[in-house]
Amino acid sequence: MIWHVQNENFILDSTRIFMKAFHLLFFDGSLIFPECILIFGLILLLMIDSTSDQKDIPWLYFISSTSLVMSITALLFRWREEPMISFSGNFQTNNFNEIFQFLILLCSTLCIPLSVEYIECTEMAITEFLLFVLTATIGGMFLCGANDLITIFVAPECFSLCSYLLSGYTKKDVRSNEATMKYLLMGGASSSILVHGFSWLYGSSGGEIELQEIVNGLINTQMYNSPGISIALIFITVGIGFKLSPAPSHQWTPDVYEGSPTPVVAFLSVTSKVAASASATRIFDIPFYFSSNEWHLLLEILAILSMILGNLIAITQTSMKRMLAYSSIGQIGYVIIGIIVGDSNDGYASMITYMLFYISMNLGTFACIVLFGLRTGTENIRDYAGLYTKDPFLALSLALCLLSLGGLPPLAGFFGKLYLFWCGWQAGLYFLVLIGLLTSVVSIYYYLKIIKLLMTGRNQEITPHVRNYRRSPLRSNNSIELSMIVCVIASTIPGISMNPIIAIAQDTLF
């Protein structure tokens, strides 16, 4: 009799577990269908690499790009659906999260053709490179939809581990090894700081890990204004700051930009900021709802330091990649203005709009740098002197992207900054907006210095790198040029027709 009862209990427990697994797979699993497409693409890459020879290399690029495009398509089909929480509260799907996932997928889709010729010329391992890019993309997408502290920690670790491996991909290069070591050590330290902040938040809320439940727990325990929350806020801000790389958490950025392969830098420069921005908006806006004044002050300090230090130090740089590293530090200061403004006054909409333009401007600039580096073997700014005389198309493309980064009208960067600063002004962030305007003028100065060098380099200034430059054909099947053309067009034309982009961004608000 006892055995019969135990057997019935075992059958009931097994059935319950099976039904729960079935529900997770077929119901909750449908909410992560775009991520599942990328996972399937990863499996296909491994299968083809293990069963084929070097002749099937184009298939690897095709599968990677196709899986990313299919994931974007699946994401667009899910647009405007009702917000849903799945996997026992670990993951949330809504328009706000999905627009950031779309931006990450867009970055990866543009970065793969940008990397093709570079990988072939440097004889890097192709399969592993594509695997790391897709895995980092999956980690970034899960981070955008993360709804609890555990997922918010695990997802960026997935992204970070792939980032460390990508930054050290050219292992024979001493600079790459140095960059990887700094990136790894500082990344590990920032992760431990972030977890420590989560532990304070977990304890203060009475043991809650879901973001909304943390708010309810803080209300129930009357701890929403306690010193523990302030400590948690400081540690979490420092941890997230490493991913965003604002000053003073920027020390790793110039070395990693200079030492890593240029396509990797292009990938990391946009995807890490998009994923970290998505995470920061949710963490600051939900668990720290009652501490808005405190985190506003912290982010204002970070934004001011980033805009001033990033743009001032960029003036002194002689390497194009280091200059863009400090420029990106200044750019994230502008993005932080949108995070501070928040849901009110279209702060998030302006941040998303500027992020979209920043992706096209930054990737377009890096595409030009990759192309120039492959044809000349140099990354020094002075070696760009007189490039217009050898390759007008490349010189004009680089000039347009740099001018758009600086925010000159009528390019997309100008309208993105204008919308962002207008929202900040409407929210009363007058000092931040003034600092942003002044530092934008500074950035225009060092961008124009490079453009002047491109266009008017005198014969005595032209280095052997440009004298021996191989002129590109007018019609080229080069995948880097394809990415460059797409990014240059996206950096110029969308600024003229801003209303549809702003309307889509406004639809993503909570």
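The backbone N, Cα and C atoms fix where each Cβ goes, glycine too.
According to Swiss-Prot, the features are:
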| type | residues | note |
| --- | --- | --- |
| TRANSMEM | 24-44 | transmembrane segment |
| TRANSMEM | 57-77 | transmembrane segment |
| TRANSMEM | 99-119 | transmembrane segment |
| TRANSMEM | 124-144 | transmembrane segment |
| TRANSMEM | 183-203 | transmembrane segment |
| TRANSMEM | 227-247 | transmembrane segment |
| TRANSMEM | 295-315 | transmembrane segment |
| TRANSMEM | 323-343 | transmembrane segment |
| TRANSMEM | 354-374 | transmembrane segment |
| TRANSMEM | 395-415 | transmembrane segment |
| TRANSMEM | 418-438 | transmembrane segment |
| TRANSMEM | 484-504 | transmembrane segment |
Tell me whether the transmembrane segment (323-343) sits in contact with the transmembrane segment (227-247), defined here as at least 3 Cβ pairs under 8 Å among residues 6 or more apart in sequence. yes
Annotated stretches the transmembrane segment (484-504) and the transmembrane segment (227-247) touching (3 or more Cβ pairs under 8 Å): no
Maximum Cβ pairs under 8 Å to the transmembrane segment (99-119) among 57-77, 183-203, 295-315, 354-374, 395-415 is reached by 57-77
When each of 57-77, 124-144, 183-203, 295-315, 354-374 is checked against the transmembrane segment (395-415) for Cβ pairs under 8 Å, which one has the most? 354-374
Apart from its near flanks, which chain residues at least 6 from the ends of the transmembrane segment (354-374) lie with a Cβ under 8 angstroms of it? 103, 106-107, 110-111, 114, 117-118, 121, 262-263, 265-266, 269-270, 273-274, 277, 320-321, 324, 328, 331, 334-335, 338, 384, 387, 394, 397-398, 400-402, 404-405, 412-413, 415-417, 419-420, 472, 478, 480-481, 483-484, 486-488, 490-491, 494-495, 501, 505
